[in-house]
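Asker: The following block contains the structure, expressed as structure tokens.
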């Protein structure tokens, strides 16, 4: 996680600071809103899947307002991301990357244009969407034991607490009898946050029940315009220091309170400011007035925004476009494989034309 303190007066809200404090010992950790609870009683992978994920594939910003460092790889590789592991065989990765290039190159002119890359990004984003829908079916089934295709907040609360080590029958009985649940402060804070999110996902007319589609929005706000807007409001609330409902550059790049006294942390501070400043000025602030509104942030975070996909395509091409022709050739994508796939290839240009 790339968030450490510099000598600045800016402060973030209490809930956000708590997250930073938990991660202070591990500068490489992924940002997480619910990670502390997830690690407390990790009964099984399925248990954790009933919680909204901290990271959303194909969305430019994390739930806690951090930039998604893997975004360009996610929208380039789609569901094939796991195939490009760091320790996987370079020749195999190289062959796979060549195959991807041929698929992106629709007109078969041996170069990829921004329009071709835009189409590919939209296609890969849709893959992430479909994967979330598939996983949601299993998650919904886990919290809907009676199979009536609706889940109440109390039903979800029972399953959530059971996944954290509480006795499911005892919790269900206490909730049924309106008895007080004795949970620690941290768990209670997460429950309150989840409850607010739960009712936001309850489409009008509100009935305090979530069907499978609404539960998908609860877990994955990128699937619902209303929930995406809610996610944006939460991010702005955490970063907005003067309470005007907008973000200045200073607010967007401000670092949380907390000190790590070493050079590595200082370097991370510098990276944090530089990367967020660039994203604010060049991408998020659409009208370049040095203020980011909720509307601008919502458009920026919408994974199915075709204009954003085109901008991302142009940025991705620019990174590897050594001959400055505004297209991407095979040699270029192989040379910059680490940027596109997270996996560095050796001898990237060896026999490129023969293999292609």
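Glycine residues also receive a Cβ, built from the backbone N, Cα and C atoms like all the rest.
The following feature annotations were taken from TrEMBL:
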type: SIGNAL; residues: 1-29; note: signal peptide
type: DOMAIN; residues: 92-127; note: domain 'EF-hand'
type: DOMAIN; residues: 131-166; note: domain 'EF-hand'
type: DOMAIN; residues: 232-262; note: domain 'EF-hand'
Asker: Counting by DSSP, what is the helix, strand and coil composition of the domain 'EF-hand' (131-166)?
Answerer: 24 helix, 2 strand, 10 coil
Asker: DSSP says what for the domain 'EF-hand' (92-127): how many helix, strand, coil residues?
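Answerer: The breakdown for the domain 'EF-hand' (92-127) reads 27 helix, 1 strand, 8 coil.
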